[in-house]
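Over in Swiss-Prot, the protein carries these features:
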{"type": "TRANSMEM", "residues": "5-25", "note": "transmembrane segment"}
{"type": "TRANSMEM", "residues": "52-72", "note": "transmembrane segment"}
{"type": "TRANSMEM", "residues": "105-125", "note": "transmembrane segment"}
{"type": "TRANSMEM", "residues": "138-158", "note": "transmembrane segment"}
{"type": "TRANSMEM", "residues": "163-183", "note": "transmembrane segment"}
{"type": "TRANSMEM", "residues": "208-228", "note": "transmembrane segment"}
{"type": "TRANSMEM", "residues": "236-256", "note": "transmembrane segment"}
{"type": "TRANSMEM", "residues": "273-293", "note": "transmembrane segment"}
């Protein structure tokens, strides 16, 4: 099933590439440079992800740890506070807890270490100016890029009935999360009228949100029972939760960027911006979907 699912992703990418080339041929005046760049980046993302998700579990965990590291590093370039380098060691420790299936320690490690060690460490520096801003900014970045994001990796550790079960759960989550972004964008562009958060993200509309959520619920209803142990009702609810939480992750990251005064979080992914621009929705959907499916099925 994993091989067929990945083959479907490649088929969709081929279709998108052909449609884009056809439109560029038929409408030469159309500016399709950004779309072409985005599709090329998607090719790189899907090829890399396919290799990792098809490999051994340690490889997938290492990949997620690398994503957390790059995301945290990118976040550090955005905020105007000094980020202690020793905090980066929390990333391999966090993913080691996942690899050894230490769920209780995982729940405590990042939140408790951030609450106690981070705050105490800043006090020992000796300068209390900007203490609250510094600690909260660092802690929020650590929670987002390491703790929340690593819940996607935890899906690999759930006691599934077959060896590919965890990988299929990750694929299901990522496919719906990214499709949700695309669906909400397309619905918003086609029939969006009422803005949801105009001061944060003017392009987000109520019609785009509702259309995207309904689309993802239908997609989840179709592929959920195939890739996951969810039944029909649970698959619908999973689609609803992913659709709404993905929107929340998107606008929260937009609020952070607006507060800092930047449009994109970086330039790591051509046509997409930074890594945080690509995984902002996943930061929220990963923990929501993990606890939902763990409660419902495990």
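Heads up, residue numbers simply count up from 1 along the chain you see.
Any Cβ shown, glycine's included, is placed from N, Cα and C.
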Remote residues contacting the transmembrane segment (163-183) - C-beta distance under 8 A, at least 6 residues beyond either end: 1-2, 5-6, 9, 49, 53-54, 57, 60, 152-153, 155-157, 211-213, 215-216, 219-220, 223-224, 227-229, 238-239, 242-243, 246-247, 250, 281-282, 285-286, 289, 293
Positions whose Cβ lies under 8 angstroms from the transmembrane segment (5-25), at least six residues beyond its ends: 32, 35-36, 39, 42-43, 46, 50, 53-54, 168, 171, 175, 227
Segment proximity, the transmembrane segment (52-72) to the transmembrane segment (273-293), 3 or more C-beta pairs under 8 Å: yes
